[in-house]
Amino acid sequence: MPVLEVICSLIGWFCLYLLFCCIFAQRGPEWNCRLVTLSHGVLIVLLTAYVLFIDGPLPFTHAGTENTELQTSCLAVCLGYFLFDMGWCVCYHTEGPVMLAHHTGSIVGILLALLMGVSGCETCGVIFGSEITNPLLQTRWFLRQLGRYDSLLGDAVDLLFILLFATVRVGVGTVMFYCELTSPRTTLIMKLGGVAMYGLAWVFMVDIARFGYKKSRAKYKRWRENHILKEINAQKLDGQK
């Protein structure tokens with residue numbers, strides 16, 4: 001268990017938060033915390049992508065194997081962030097029970113992988129799939145705060161977020177979940193953790209599908225109203241002639 005690495009990671013994310021608080025003193029605490037979340041999302045996606053696709057091995061074929069040094073370092077960095085963010089969320093009461101359950105599951109899962117020294121491969125895979133949509137989620141929040149969400153950019157961010165979540169976290173995640181369950185090397189407790197995280201992914205997917213349906217319906221209704229209005233204006237112009 002790399003205790004020192006986790007502590008250094010926790011201190012590092014907290015110091016980054018304090019730095020953002022100094023730079024953006026006119027903004028609220030949530031703005032600065034989300035900047036930390038955005039920074040973590042970009043960094044951890046790059047780290048886990050390197051761990052999975054370049055350094056290896058892949059979780060589809062090596063689930064339950066011993067952790068490599070790079071996997072351990074990556075998990076320590078991520079655990080430090082989740083400890084910071086969990087503490088911040090509890091302190092400011094900004095998240096609901098589903099998100100807190102996700103954070104708790106992430107912390108427990110990473111802790112188990114570090115303590116047992118195995119399953120770092122698939123744990124990094126879960127982190128990659130979970131965090132790849134995070135920068136888009138934070139971008140959406142910042143666009144709302146800046147009053148630029150109701151734009152083509154906001155629509156593009158939402159569409160990309162939905163597509164990535166459905167294909168990577170649910171689609172690829174389902175394949176990895178099957179590989180983890182069928183692997184003889186994966187311990188029972190890690191398999192149970194995989195079931196919990198996979199279930200949470202579907203809870204999020206249902207909420208995202210509802211959001212996508214409501215937004216698409218509202219967009220269509222607005223387009224139809226504008227189209228009817230244009231036809232009425234065109235008829236008025238023709239009548240004046």
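From the backbone N, Cα and C atoms, a Cβ is placed for every residue, glycine too.
Feature annotations, courtesy of TrEMBL:
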DOMAIN    26-215  domain 'TLC'
TRANSMEM  6-25  transmembrane segment
TRANSMEM  37-54  transmembrane segment
TRANSMEM  107-130  transmembrane segment
TRANSMEM  151-172  transmembrane segment
TRANSMEM  192-213  transmembrane segment
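Outside the transmembrane segment (107-130), and at least 6 residues removed from its termini, the chain residues within Cβ reach (under 8 Å) are 1-2, 6, 44-45, 48-49, 51-52, 57-59, 62-68, 71-72, 74-76, 78-79, 82-83, 86, 168-169, 172-173, 176, 179-180, 185-187, 189-190, 193-194, 197, 201. For the domain 'TLC' (26-215), the mean pLDDT of the prediction comes to 90.
Here the transmembrane segment (37-54) has Cβ contacts under 8 Å with residues 13, 16, 68, 70-71, 74, 77-78, 81, 85, 121, 124-125, 127-128, 131-132, 134-135, 138-139 of the same chain, all six or more residues outside its ends.
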